[in-house]
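Everything on this sheet refers to the single structure shown next.
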Amino acid sequence: MRELRVLLNQTQKVRLQAALQHLRDLSFQASSPAIPVTIADTIPVNREDGILKGHGTLEFNGQVVATQCGVVEQVNKLVYVRALKARYKPEVGDIIIGRVNEIAPKRWRIEINFSQDAVLMLQSMNLPDGIQRRRTAVDELNMRSIFEENDVVCAEVRGFQHDGSLHLQARSQKYGKLERGQLLTVPAYLVKRRKQHFHHLEQYGVDLILGCNGFIWVGEHVVLGENEMPEDQESRMENQEQNFTPLKVRQQICRIANSVRLLSAHGFSLSLEIILDTAEASVSSNVEINDMLGAEFYVQTAEREVQRRASLLKKSRR
Amino acid sequence: MATAPTSTYSPSNSWERARQQQKKSLFRKEDWVRSDGRNFHQCRPAFLRTGATNAASGSAYAEFGSTKVIVSVFGPRESKKAMMYSDTGRLNCHVSYTTFSAPIRGQGTDNKEYSSMLHKALESAIILETFPKTTVDIFALVLESGGGDLPVIISCASLALADAGIMMYDLVSAVSLSCFGTNLVIDPTTEEEACRDGSFMISYMPSRNEITQFTLTGEWSTAKINEALELCLDACSKLAEIMRSCLKDNVLS
């Protein structure tokens, strides 16, 4: 995603610096200071024996050196280097959003924010008519009617293949093709793993899906039911015309999408509360949707975050 | 610079050759001062920044005097399907010059020789086993060529790889040196490179005390090689310190 370029005037710059400084102080109070390292820096360890060398470390000349730039983290005996520009690290059961890159024999190759394309097998996908049966050659030829190139798809990680690429499955109703919305790309480390990744925002009538790989989907709400896919082109076209997304819903989609863009530009972790907070603040201060990406709201968001974290810290202290 | 028309065919204008020889003899004098005022064992001041390109996984920009290079690293990403499964990752290097990089405007060329030399310099520093079956692409673009291009490209590329989060054994810094008669001149500019007797370039990993690439052209005696090696290793260590502090600033901010 293109970085947000915000032109701040002098007072806004001062306010932003003050807010960022507050955030740094707050995080300093909350957790122990972390040691930044660059490549081939020795990592200071207390006990030489019994240290497990984790990701991003290497043993050299009896010392532990870093192979990546980042921050040293220690969990009991495990020492590892957490890279700042962390790539997405997939785990089984992650909810993922991706775009279909190509259609291969009996599978779709899906581009997620990872070093390799993920694979969605035809067998891991529910057939349109919902019947559980063996996939035949006709099914294989009709793969294009389910997903085409450049479709946005939501799926779950089933496992890893032997070469490290991901195996996806989309067997439940909530997975599948995503239409009528926006796909946003944020750095993957901003989306933490939670219990719920599918959110339905009632007051806006919008679906929000936070993919663990850093792809976020904001779209029109889809009623989950036994959807019967229309078999032919004409009826599908008619359906689309009748179900034209109203302007109000589109505006809400843009508003939520802009709050996500704003928060990722700041580098704040994305969660439902903070996104809703930002959207509500923009509505209450009567900020126009396109002005949300402007300088003033940018600085206000940082200040609001300072207050939020300060109050959280107070609450946890009590 | 008008050429006087001659009746016979001669390979080069004698006036040109006289100028060349004059320059060469100038460089061999003991008290010759370099055009930018440095002494023989002084490198150009280095300006390094990471995060130059947004679209790339990692990128770096380096300015050494008038040599300006920008390197973008993409990866690790899918290898082409034609390539067989391999336990180790692949490195793909690409060095190109812009049309405005040389004093005389020319076609932007794809320098294949530099690309393969960059590959050899970096492949031993990267831990390829960490990304099997994928490729890391390195694209180096020389915006202005002011001499000593390849060492600058190599140092800038290793900075970009560190920015991209690719696991490496150590940062690679590179320095080149030219020999004019008995004078050893470090970090030469284009005009110095044009009339040199021999060149010496090393790519070095300071923390491991290992040389990844060593290029020597021209006529060298053992004593001169030793002296040149000492000079270059020292310069490489200092350059690596500068690169490290640039990365640290990035990590802290």
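In case you wondered, yes, glycine gets a Cβ from its N, Cα and C as well.
In TrEMBL, annotation is done automatically, which means it is predicted and not curated.
These numbers come from a predicted model, not from an experiment.
Within the set B:1-21, B:190-210, the record from TrEMBL flags B:1-21 under the feature region 'Disordered'. The helix, strand and coil residue counts that DSSP assigns across the domain 'Exoribonuclease phosphorolytic' (B:170-231) are 15 helix, 29 strand, 18 coil.
Residues in the domain 'Exoribonuclease phosphorolytic' (B:42-166) partition by DSSP class (helix H, G, I; strand E, B; coil) as 30 helix, 45 strand, 50 coil.
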